[in-house]
């Protein structure tokens, strides 16, 4: 590394792993209410006979939650969300380049689209397998409607939720919805990582941007839109299935068929606007932060290794 400027030193796998988890947590802190609104809109209409609060639009959903459940309600499940990102994003984003390099044939100048898709599917599936319990708990908290300040709470806290689910539903309950989630996140990861990778590469090759904030912003925004379009149907099924009580759905396929029968095919795009607002904003914040963190961490590493 002698003679190289910090910005020229390729980031190590450890730097990418830690940087991705940290950047994802920062993005979650800023966009979590949008994710909660998405979950509420996705499960609305699931039980037609139930008397429940009706949500209209993203802002309307958040305002209704604040009015009926208190100002902290849009951040319900945040702790589990941060648990999720530290394990989930670190793997699916932080290991993407390493897995892509592993799949790329030796001597190849660059990775093909097929290789990038394969890498995205691989890290997405790996991440879900490790982080699924955190996602189940996050969704349960986000979907839990607690009217008034004295409303009943099923879980006393995040750790209690892990224990309660394992006790009442078995350890398998913490991995409920793993298959639809693997499908969803393989799709999301491909759309996000591959789209970001390709857009950024083309912008740099065409000299429209240098490798800086505008380039990262445009690439991340495009990645967020593509991810929302292709992943929304699976995301709705995943949310419904993970949040459902025992016995409501026999399988993710049964959940999907019941949705179509009761609500029509448009149900697959319930919560699309908050999904896009959240994924678009999340991607911009995460990728921009991630790129800067990689540079900062490598600068620290180079300065520590440099004798002068």
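Backbone N, Cα and C define each Cβ position, glycine as well.
If you check Swiss-Prot, you get these features:
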REPEAT    11-102  repeat 'Solcar 1'
REPEAT    111-202  repeat 'Solcar 2'
TOPO_DOM  33-73  topological domain 'Mitochondrial matrix'
TOPO_DOM  134-179  topological domain 'Mitochondrial matrix'
TOPO_DOM  234-267  topological domain 'Mitochondrial matrix'
TRANSMEM  11-32  transmembrane segment
TRANSMEM  74-96  transmembrane segment
TRANSMEM  117-133  transmembrane segment
TRANSMEM  180-196  transmembrane segment
TRANSMEM  214-233  transmembrane segment
TRANSMEM  268-290  transmembrane segment
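Below 8 angstroms of C-beta separation, residues 92-93, 96, 113, 116-117, 119-121, 123-125, 127-129, 132, 135, 219-220, 222-224, 226-227, 229-231, 234-235, 237-238, 241-242, 252, 279, 283, 287 of the same chain, each at least six residues beyond the ends of the transmembrane segment (180-196), sit close to that stretch. With a threshold of 8 Å between CB atoms, the same-chain residues lying at least 6 positions outside the topological domain 'Mitochondrial matrix' (33-73) that come near it are 81, 139, 142-143, 145-149, 151, 235-236, 239-240, 243-244, 262-263, 267, 270-271, 273-275, 277-278, 281.
Confidence annotation: the topological domain 'Mitochondrial matrix' (234-267) carries a mean pLDDT of 86 in the model. Under 8 Å from some Cβ of the transmembrane segment (214-233) lie the Cβ atoms of residues 184, 187-188, 191-193, 195-196, 199-200, 203-204, 268-269, 271-272, 275-276, 279-284, 286-288, 291, all in the same chain and six or more residues away from its ends. Residues in the repeat 'Solcar 1' (11-102) partition by DSSP class (helix H, G, I; strand E, B; coil) as 68 helix, 0 strand, 24 coil. Outside the topological domain 'Mitochondrial matrix' (234-267) by six or more residues, the chain places 39, 42-43, 45-46, 48, 135-136, 139-140, 143, 169, 176-177, 179-181, 183-184, 187-188, 275 with a CB less than 8 A from a CB of the stretch. Look at the repeat 'Solcar 2' (111-202): DSSP puts its residues at 73 helix, 0 strand, 19 coil.
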